Amino acid sequence: MATPLRYALIFLLWAMVAVIYAPLIPAALTLISPALSLTHWQALFADPQLPQALLATLVSTTIAAVGALLIALLVIVALWPGPKWQRMCARLPWLLAIPHVAFATSALLLFADGGLLYDYFPYFTPPMDRFGIGLGLTLAVKESAFLLWILAAVLSEKWLLQQVIVLDSLGYSRWQCLNWLLLPSVAPALAMAMLAIVAWSLSVVDVAIILGPGNPPTLAVISWQWLTQGDIDQQTKGALASLLLMLLLAAYVLLSYLLWRSWRRTIPRVDGVRKPATPLLPGNTLAIFLPLTGVLCVVLLAILADQSTINSEALINSLTMGLVATFIALLLLLLWLEWGPQRRQLWLWLPILLPALPLVAGQYTLALWLKLDGSWTAVVWGHLLWVMPWMLFILQPAWQRIDSRLILIAQTLGWSRAKIFFYVKCPLMLRPVLIAFAVGFAVGIAQYMPTLWLGAGRFPTLTTEAVALSSGGSNGILAAQALWQLLLPLIIFALTALVAKWVGYVRQGLR
């Protein structure tokens with residue numbers, strides 16, 4: 001590629017990425033400006049809803065984070081390494097593909113008044129669950145699958161497998177292996193995953209509306225309600241509540257770091273003292289239960305759904321917005337990985353490491369300033385801020401694993417950088433690209449706040465309809481919306497899996 005053309009491409013690439021990440025700036029300004037006034041803080045803390053909302057947020061977030069971690073560790077201790085672990089990992093995409101709103105809707109239909117399990121667990125219904133315990137438990141089950149998916153990549157390292165086999169052969173229990181080897185080895189990946197889980201659990205609005213306490217709601221929901229009001233004082237309280245969510249995230253990070261440091265001091269040396277093996281029944285049970293929750297979710301929604309009431313406009317909007325946002329993100333990320341900077345890319349991960357509410361507020365501020373609110377383009381642009389980092393999460397490790405010797409051989413043959421990109425790197429990246437496309441579509445179709453705010457309510461999607469119907473109405477209509485919100489990502493996952501299998505069959509002669 002000629003040098004002027006390459007520079008033009010790099011400039012265009014930076015400009016497009018900057019447009020997507022530009023809301024980070026107004027988001028910061030929205031939070032900083034009211035935070036400088038003591039009067040605004042006094043008005044926030046004087047609100048009678050704040051203490052209970054804060055307590056419900058802390059309880060639900062703690063249950064979600066700690067519960068997801070415990071479930072993941074129990075499953076790892078019970079199954080890894082071995083064929084059962086491989087089978088469980090193969091079934092995880094069935095749960096990962098289910099959007100949070102669809103999963104929460106199925107839980108609501110089970111535990112709400114009149115649900116199948118209402119008589120057995122009445123306390124977990126939203127009207128009675130003032131502390132968000134049901135919300136936290138639902139998020140713990142859903143996020144444990146994500147945590148297992150992240151850790152599965154780290155646990156596949158050959159040296160880690162060899163060391164676990166050695167400890168097992170020497171008679172050390174599985175919990176000793178977990179404490180002495182696994183946790184220190186997976187700590188970096190585990191820390192980033194837990195940060196994403198805590199940030200999302202703190203700021204989740206759609207799932208909290210469906211399953212969380214109603215009066216007062218969680219801090220994220222009450223902040224969202226204040227931000228959407230026309231009164232400037234209420235908007236200021238909403239901005240400060242969003243800042244309070246970020247302060248809570250920082251407190252969780254600090255507490256987790258201190259607990260980690262304290263735990264590290266308790267790790268003894270491998271001194272030959274064995275401990276008796278502990279029963280692995282809880283981990284085995286959870287390993288069976290996790291994939292089944294996805295199947296049960298589909299079955300329950302399919303039984304209750306009234307297909308004659310499906311909103312075709314919401315279905316078309318969800319499909320087109322998800323596909324367009326995913327295609328744009330995929331094209332930008334492939335070009336970014338090739339011609340973008342190789343270092344200092346931490347800012348790309350900020351949308352999944354920070355609470356979503358202030359970021360959406362920044363998007364809305366920018367859209368109002370540019371007079372783009374209420375447009376289809378603005379909604380797709382809003383989705384990209386979350387679709388891109390999740391797809392990058394899949395693509396970047398695979399890109400870094402490309403064998404540099406292949407690139408060197410192509411360069412010795414006189415191939416240009418563009419030719420190497422299209423004929424060497426892109427074919428090698430086909431399977432990760434398909435996985436990233438499926439994940440990106442699932443993330444895009446699940447967006448609630450960007451769709452509602454940037455679209456000004458003009459573009460209904462399956463997610464916005466399901467959240468609206470969860471407050472009251474026909475269970476059949478609610479189940480139908482949630483079922484199609486669940487089926488679309490599953491169809492995309494299935495299609496990408498079939499394409500990957502077909503490509504593997506076609507390329508088997510190259511092995």
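Yeah, the Cβs are placed from backbone N, Cα and C, and that goes for glycine too.
Annotation source Swiss-Prot lists topological domain 'Cytoplasmic' at 1-8 (among others), citing sequence analysis.
Among the features that Swiss-Prot reports, transmembrane segment is placed at 9-29 (among others).
Residues or ranges marked as topological domain 'Periplasmic' by Swiss-Prot: 30-62 (among others). Taking Cβ pairs closer than 8 Å, the topological domain 'Periplasmic' (30-62) reaches residues 130-133, 135-136, 139, 198, 201-202, 208, 212-213, 216-222, 233, 236-237, 239-246, 248, 252, 358, 361-362, 365 in its own chain, all 6 or more past its ends.
What Swiss-Prot lists as domain 'ABC transmembrane type-1 1' is 54-255.
Only residues 6 or more beyond the boundaries of the transmembrane segment (63-83), in the same chain, are considered here, and those with a CB under 8 A from a CB of the stretch are 132-133, 135-137, 139-141, 143-144, 146-148, 151, 155, 161, 164-165, 174-175, 177-178, 182, 194, 197-198, 201, 252, 280, 282-284, 286-287, 290. What Swiss-Prot lists as transmembrane segment is 63-83 (among others).
Annotation source Swiss-Prot lists transmembrane segment at 92-112 (among others), citing sequence analysis.
Residues or ranges marked as topological domain 'Periplasmic' by Swiss-Prot: 113-130 (among others).
According to Swiss-Prot, the transmembrane segment annotation covers 131-151 (among others), on the basis of sequence analysis.
Annotation comment: Swiss-Prot describes 152-189 (among others) as topological domain 'Cytoplasmic', evidence class sequence analysis.
Away from its own ends, the transmembrane segment (190-210) comes close to residues 57, 60-61, 64-65, 68-69, 100-101, 104-105, 108, 126, 132, 135-136, 138-139, 143, 146-147, 150-151, 183, 217-221, 224, 242, 245, 248-249, 252-253, 256, 352-357, 448-449, 463, 466-467, 470-471 of its chain (Cβ-Cβ under 8 Å, at least six residues beyond either end). Under the heading transmembrane segment, Swiss-Prot lists 190-210 (among others).
Per Swiss-Prot, topological domain 'Periplasmic' is recorded for 211-239 (among others). The list of residues near the topological domain 'Periplasmic' (211-239) in space but at least 6 beyond its ends in sequence, with Cβ under 8 angstroms from a Cβ of it, reads 30-31, 33-35, 40, 43-44, 47, 49-50, 52-54, 56-57, 60, 104, 107-108, 126-127, 129-132, 134-135, 138, 202-205, 245, 248, 355, 357-358, 361, 449, 453.
Per Swiss-Prot, the feature transmembrane segment maps to 240-260 (among others); the stated evidence is sequence analysis. Long-range contacts of the transmembrane segment (240-260) within its own chain (CB-CB distance under 8 A, at least 6 residues past either end) are made by residues 30-31, 34-35, 40-41, 44, 50, 54, 57-58, 61, 65, 187, 191, 194-195, 198-199, 202-203, 219-220, 222-223, 226-227, 354-355, 357-358, 361.
Under the heading topological domain 'Cytoplasmic', Swiss-Prot lists 261-284 (among others). Within the model, the topological domain 'Cytoplasmic' (261-284) shows a mean pLDDT value of 61, rounded to a whole number.
For 285-305 (among others), the entry in Swiss-Prot reads transmembrane segment, with the evidence type sequence analysis.
Non-local neighbours of the topological domain 'Periplasmic' (306-318) in the same chain are 445, 459-465, 474, 476-477, 479-481, 484-485, 488; each lies 6+ residues outside the stretch with a CB under 8 Å from one of its CB atoms. Look at Swiss-Prot and you will find 306-318 (among others) tagged as topological domain 'Periplasmic'.
Taken from Swiss-Prot, the feature domain 'ABC transmembrane type-1 2' applies to 315-496, supported by sequence analysis.
The stretch in closest packing with the transmembrane segment (131-151), judged by the count of Cβ pairs under 8 Å and taken from 9-29, 285-305, 319-339, is 285-305.
When Cβ-Cβ distances under 8 Å to the transmembrane segment (319-339) are tallied for each of 92-112, 346-366, 433-453, 486-506, the top count falls to 433-453.
Within the same chain, residues 26, 381-382, 453-456, 458 sit at least 6 positions outside the topological domain 'Periplasmic' (367-374) and bring their C-beta atoms closer than 8 Å to a C-beta of that stretch. Within the same chain, residues 99, 101-102, 104-106, 108-109, 114, 206, 209-210, 298, 300-307, 309-311, 313-315, 317-318, 321, 363-364, 367, 372-376, 378-379, 381-382, 445-448 sit at least 6 positions outside the topological domain 'Periplasmic' (454-485) and bring their C-beta atoms closer than 8 Å to a C-beta of that stretch.
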